[in-house]
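Taken from TrEMBL, the feature (6S)-NADPHX binding site covers 59-63, 124-130, ASP154, ALA261, GLY321, HIS373, ASP440. For ASN60, ASP120, THR157, the entry in TrEMBL reads K(+) binding site. The AMP binding site annotation in TrEMBL covers LYS410, GLY411, ALA412, GLY413, THR414, GLY439. The domain 'YjeF N-terminal' feature in TrEMBL is assigned to 14-211. Sequence annotations record features per position, and here TrEMBL assigns domain 'YjeF C-terminal' to 226-500.
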Amino acid sequence: MAATSHPLFGSTALRALEHAAQSALPPHTLMPRAAQAACLLILQRWRGRPVTILCGPGNNGGDGLVLARLLNQASVPVRIWALNVDKRPADAERAWRDLPRGLLQSGDPKGDAKGAVIVDALFGIGLHRDLDADTRRWLAWANEQEGAVRVALDIPTGLDADTGEAREGTFMADVTLTFLRDKPGLHTRSGQDHAGEVVVDMLGTDAVTAALPSDDQSIGTGNLIRRADCKTLFVSRKHDTHKGSFGTLAVLGGGHGMTGAALLASRAALHLGAGKVFVGLAEANPALSCDLLQPELMLRPAASLLGKKDAGIGVWVVGCGLGTDQGAADWLAATLHAARETPTVVDADALILMAANPKRVPARKAAWVLTPHPREAAQLLGCDTAAIQANRVAQARRLAAKYSAWVVLKGAGTVVSSPDGRWSVNGSGNAGLATAGTGDVLAGMIGALLAQGLDMDDAVRGGVWLHGAAAQDLSARGIGPIGLTAGEVIAAARDLRNRPENGVT
Ligand SMILES: NC(=O)C1=CN([C@@H]2O[C@H](COP(=O)(O)OP(=O)(O)OC[C@H]3O[C@@H](n4cnc5c(N)ncnc54)[C@H](OP(=O)(O)O)[C@@H]3O)[C@@H](O)[C@H]2O)[C@@H](O)CC1
Ligand SMILES: Nc1ncnc2c1ncn2[C@@H]1O[C@H](COP(=O)(O)OP(=O)(O)O)[C@@H](O)[C@H]1O
Ligand SMILES: [K+]
């Protein structure tokens, strides 16, 4: 996959870039640029509306103070409330001195802000303690104002820029104008709920580079996955091809009562273009010998599939509805053994079993992809789900390193890590996907892309993006997010792949 044009910077990397930019540019350049960008955004989108700016004690507050002056110069009615502070950093202090008289209000923010633009310049990436009572009261006021547009500068106050963890009362932005570089916390976990639309302004630092920290603790830099990064998804097919050109995939899953999970993964693989799809059912006496709604799938008892040496299986997907009993553990061990030289996607119950029986996981010669949701990731890493969610990027990378695997840590703002720790956050998707079976569909989709020869980077990240984009596309058509079903994601993903000009970016 080509290097993407949308970097995400962890806070340590961002501070390093900030220092490099400050050294490369004349003093006091960045804050006026940040305020100018905010002023332009407000004038372009909401000209004519009054603006209320809430300012904090640091440079984020400084951005707000300069913005107030610029809007005032542009004859926009502005009111400012600023938190009490003993000493401001130098740039913010200049902004404070230059603030025109009459804009600053006393006490707590008040009045009806209907139709106004409320700007959150309370805290940016420097927030490192719990919010104090004044800040919480001001945020509550801002979040309660109906009919107002809420704009956050750099990051909504209360949101963690690295992890997307939102403190109670975090600002609810309609738009976040973020500076220098985009941040993972705006896109994963609670990030999307609080950041709204994210607009990035690099403040003219596009050419600035910084020696980034290489310590294991910081997440460094990654990328946001967007359609532009998924070009190989959309390569058209040559005429001179046949089913063998697009790979043979086998799904091993479907224990007792869970046939549907294996069928969803298999149908997804078929619709995403795999040439042939086998379904190995782990249930002792499978009731189904054929998927009547999808007779193209070749259903087999697991033993028969695993014993079939000449099936030409080029990719395995294992775990969907497999179950977690002893029989399932045996099927997983047998499948991982058969698949050790074949690209493999490991999902769902197979991940739980791997965590419980690490000795039964054979050394691998081929690449593999683990697709845990947070609870499965927690089991694989021997921690609790909260610890996974507390830093999704760091934990996805830990897991990838532990298993030398590609990892897809699912949930709002899915995080992908390569075995060597390169990470991305998915830019597509919505809560319509919070329904049973969508994970099975994702596993089948990634498997199908691998079967068709996409490299790991493209198949994993492309599959994750397409899965989310399909949910967005369905929602745009009124099919979800509420009540969207996993099966519907399959057809929508096929549609998007064949008609890339459609919708979601
Ligand atoms: N530098 C640059 O190149 C650029 C920076 N820019 C802008 O600056 C922002 C970063 O500025 P920043 O580092 O000053 O951090 P910021 O978020 O304003 O807050 C720090 C202040 O808050 C305080 N504090 C922290 N937690 C607290 C709490 N819970 N409750 C109470 N106080 C608390 C903390 O005090 P301390 O704990 O250190 O005593 C300190 O005084 C960045 O997001 C962007 O908007 C842009 O202009 C572009 C270029
Ligand atoms: N709120 C959400 N926003 C975006 N994607 C979501 C959300 N909730 C779930 N998803 C996605 O839906 C899929 C659910 O997978 P999983 O939890 O394994 O479900 P299942 O096991 O039922 O198939 C994952 O791809 C996940 O990223
Ligand atoms: K802010």
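Glycine residues also receive a Cβ, built from the backbone N, Cα and C atoms like all the rest.
Annotated AMP site LYS410, GLY411, ALA412, GLY413, THR414, GLY439; additional same-chain residues within 8 Å of its Cβ mean position, judged by their own Cβ, are HIS373, LEU409, VAL415, ASN426, GLY429, LEU433. Across the fold, the C-alpha of GLY62 ((6S)-NADPHX binding site) and the C-alpha of GLY413 (AMP binding site) stand 30 Å from each other. Taken in sequence order, the binding-site residues THR157, HIS373, GLY411, ALA412 that lie near ligand 1, meaning a CB under 6 Å from one of its atoms, form an empty set. Taken in sequence order, the binding-site residues ILE125, THR157, GLY413 that lie near ligand 2, meaning a CB under 6 Å from one of its atoms, form an empty set.
Per-residue pLDDT, averaged over the domain 'YjeF C-terminal' (226-500), rounds to 96. Taking ASN60, ASP120, THR157, HIS373, ALA412 as the candidate binding-site residues, the subset whose CB lies under 6 angstroms from any atom of ligand 3 consists of ASN60, ASP120, THR157.
For the recorded K(+) site, residues ASN60, ASP120, THR157 set the reference point as the centre of their Cβ atoms, and the other residues of that chain within 8 Å of it by Cβ are LEU54, GLY56, GLY61, GLY64, ALA121, LEU122, PHE123, GLY124, ALA152, LEU153, ASP154, ILE155, PRO156, PHE171. Calculated from their C-alpha atoms, the gap between ASP120 (K(+) binding site) and GLY411 (AMP binding site) amounts to 27 Å.
The number of other Cβ atoms within 10 Å of the Cβ belonging to HIS373 ((6S)-NADPHX binding site), over all protein chains shown, comes to 18. With respect to ASN59 ((6S)-NADPHX binding site), the closest of these binding-site residues in Cα terms is THR157, chosen from THR157, LYS410, ALA412, GLY413, THR414. Neighbour density around each Cβ, counted as other Cβ atoms within 10 Å, peaks among the binding-site residues ASP120, ASP154 at ASP120.
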